[in-house]
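Okay, so here's the structure we're looking at.
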Amino acid sequence: MASRFPKFSQGLAQDPTTRRIWFGIATAHHFESHDDITEERLYHKIFASHFGQLAIIFLWTSGNLFHVAWQGNFEAWVRDPLHVRPIAHAIWDPHFGQPAIEAFTRGGAPGPVNIAYSGVYQWWYTIGLRTNEDLYAGALFLLFLSVIFLIAGRLHLQPKWRPSVSWFKNAESRLNHHLSGLFGVSSLAWTGHLVHVAIPESRGVHVRWDNFLDVLPHPEGLEPLFTGQWNLYAQNPDSSSHLFGTSQGAGTAILTFLGGFHPQTQSLWLTDMAHHHLAIALVFSIAGHMYRTNFGIGHSMEDILEAHVPPGGLLGRGHKGLYNTINNSLHFQLGLALASLGVITSLVAQHMYSLPPYAFIAQDFTTQAALYTHHQYIAGFIMTGAFAHGAIFLIRDYNPEQNKDNVLARMLEQKEAIISHLSWVSLLLGFHTLGLYVHNDVMLAFGTPEKQILIEPIFAQWIQSAHGKTLYGFDILLSSTSGPSFDAGKSIWLPGWLNAINDNNNSLFSTIGPGDFLVHHAIALGLHTTTLILVKGALDARGSRLMPDKKDFGYSFPCDGPGRGGTCDISAWDAFYLAVFWMLNTIGWVTFYWHWKHITLWQGNVAQFNESSTYLMGWSRDYLWLNSSQLINGYNPFGMNSLSVWAWMFLFGHLVWATGFMFLISWRGYWQELIETLAWAHERTPLANLVRWRDKPVALSIVQARLVGLAHFSVGYIFTYAAFLIASTSGKFG
């Protein structure tokens with residue numbers, strides 16, 4: 001007899017209902033719950049899956065390069081980056097006849113194509129790629145890497161090549177290799193690529209494998225490095241009249257500290273970025289030699305943590321016990337990694353538009369909007385995941401004996417104070433912000449806009465001024481034109497920085513007013529409420545006043561029966577589930593704010609944002625309704641146009657989003673009743689009843705249905721806004 005799915009759980013494989021299928025899929029990667037799992041096998045499976053993950057990433061990036069080289073217009077775009085629309089790939093089968101073919105034949109392509117809003121053209125152009133051959137070479141190399149990683153993953157599952165558990169728990173070696181090897185060496189390699197390939201290419205010098213040993217990246221060669229005259233590498237930078245990709249106005253510097261942006265490309269100076277990566281390489285290479293491994297020198301992580309008892313006794317036993325707690329809990333490690341990665345991803349979103357690193361990307365408005373929104377949503381999911389795994393750690397891996405009176409134990413002891421503080425902050429922010437918005441709405445409705453409560457964000461303006469923004473007239477630090485720091489700034493360090501801050505056409509230190517003040521506090525409300533739900537879920541995961549034995553029920557449980565009353569919706573999983581709605585809501589406000597602020601900046605009518613963003617009807621009417629007109633006109637009685645696909649995606653996104661409520665509102669009793677009726681009808685319908693199944697159909701569990709509902713809500717929500725964002729931006733700016 002063939003073994004039934006799932007092989008990893010014999011108990012589940014013998015389940016006579018459809019629960020076997022759905023629960024089998026849901027727990028396929030939940031290695032901890034599998035029948036034959038040991039600690040060693042768990043580490044090996046995770047290790048192998050990392051190789052698989054890397055293989056998929058390289059295959060995906062290889063596919064991007066390959067399709068652009070094959071079906072794109074990279075070489076035409078390189079000749080005129082500001083006017084040629086970059087093509088992502090061809091559309092094989094354009095439905096809806098001739099109008100569709102005409103609508104989607106763009107960018108000089110022979111047939112229907114998709115336009116790229118990912119910024120890959122600008123990225124590849126900046127790093128020195130110029131021809132389709134370059135793209136094909138990159139695609140082949142990444143494909144090769146992908147295969148190597150797949151083989152490596154398979155290899156490390158073989159008995160001879162399996163690392164031991166002690167290898168996985170060797171924190172010092174891992175830190176050293178990640179700091180020096182991953183960050184240090186890769187940053188150094190990237191500096192090398194920028195200096196040897198990208199910077200020469202930006203000056204019209206073509207460096208490839210056939211000539212890279214003959215072309216000096218700097219006229220002085222390595223002499224300044226060995227004689228200590230490093231300042232020579234910063235002399236003679238590109239001039240403000242430099243035409244990117246040509247020798248006109250080009251300099252010879254390779255490592256500079258200019259600040260600001262290249263006037264033509266509106267992106268950071270390549271020579272500044274090379275300098276930055278070299279500095280990062282140096283710092284991380286040194287950092288990767290700090291921890292004690294083979295030679296008995298350097299720091300021991302455990303010694304540091306054990307010794308770190310804060311003075312005054314206010315934090316108890318400090319970090320005692322933390323080393324073994326973290327090192328033996330994969331969920332704790334994953335929680336820390338996700339928290340870090342989430343913050344970094346959000347920082348990427350903030351920095352990619354304010355300090356654009358890629359040539360001409362700042363003038364590709366739809367790409368700017370798409371990249372910001374994309375990275376913020378990803379950051380949101382990663383950050384909520386951090387708290388989810390933190391809660392799982394507290395339920396499954398936390399040992400109170402091992403952590404007596406250390407900072408972790410004290411967090412749990414003080415959880416009521418933490419949770420109640422987050423609660424009052426959320427209430428204060430929510431009621432005050434909504435109160436101000438609604439007051440302003442009422443004043444507008446009664447025709448007395450002058451009675452609005454408009455608060456200038458003077459503290460934020462003061463901070464902007466201290467960094468050099470002169471508009472507000474604060475005359476402080478770098479905005480004081482007569483001050484010594486201002487004078488030094490022009491000559492000694494970052495001469496282009498102050499110019500960039502005071503250029504009102506970019507997104508660096510955007511001018512802010514009462515509308516920004518209000519939406520800032522609305523976003524703060526969302527952030528604090530999301531944090532409240534997540535922190536409460538994690539801190540109460542082991543037990544609460546209402547349910548002291550909660551940890552015995554695991555991470556996700558629907559209720560503990562009717563007898564105890566009030567135990568529904570209080571598992572740590574439920575907190576994560578609720579927090580995701582708040583996270584999406586918050587990022588909605590963040591992206592609305594970013595997008596509206598920027599489309600008015602790009603269109604040259606910032607007054608619209610400034611005047612309409614101080615009341616809710618302004619947001620609904622002048623942002624959402626006004627900018628959805630492109631979607632509403634995606635197709636009309638006269639046929640379709642190039643925005644039609646976004647109009648359909650907008651509708652489809654709403655459909656997926658609304659489907660989520662079907663799972664969220666009606667619970668399993670309703671579905672079980674419906675299933676029984678449908679099964680009865682099926683068995684009595686000719687022809688249909690020729691199809692039989694072995695598993696008895698049962699409804700999803702409450703927790704499963706919530707997950708399915710949440711997934712539809714999230715996907716639909718993001719699809720809807722993505723279509724709105726891309727259509728409204730590309731409809732205005734092409």
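Glycine too: its Cβ is placed from the backbone N, Cα and C atoms.
Given the structure is predicted, the values throughout are model-derived calculations rather than measurements.
Matching 175-199, 450-474 against Swiss-Prot, the residues noted as transmembrane segment span 175-199. With a threshold of 8 Å between CB atoms, the same-chain residues lying at least 6 positions outside the transmembrane segment (175-199) that come near it are 126-128, 207, 212, 217-218, 254-255, 270-271, 273-274, 277-278, 280-282, 284-285, 287-291, 293, 301.
Ranking the binding-site residues Tyr670, Trp671 by how many other Cβ atoms lie within 10 angstroms of each Cβ puts Tyr670 at the bottom.
Using the rule of three or more Cβ pairs under 8 Å, pairs at least 6 apart in sequence, the transmembrane segment (707-727) is not in contact with the transmembrane segment (46-69). Distance from the CA of Cys559 ([4Fe-4S] cluster binding site) to the CA of Met662 (chlorophyll a B3 binding site) is 21 Å. The two recorded residues, Tyr670 (chlorophyll a B3 binding site) and Cys559 ([4Fe-4S] cluster binding site), have Cα atoms 18 Å apart. Across the fold, the C-alpha of His654 (chlorophyll a B1 binding site) and the C-alpha of Trp671 (phylloquinone binding site) stand 23 Å from each other. Across 273-291, 330-353, 517-535, 575-596, stretch 330-353 shows the highest tally of CB pairs under 8 A with the transmembrane segment (369-395).
Panel annotation: around the transmembrane segment (330-353), residues 42, 46, 362, 368, 371-372, 374-376, 378-380, 382-383, 385-387, 389-390, 392-393, 396-397, 507, 594, 598 of the same chain, lying at least six beyond its termini, place a Cβ under 8 Å from a Cβ of the stretch.
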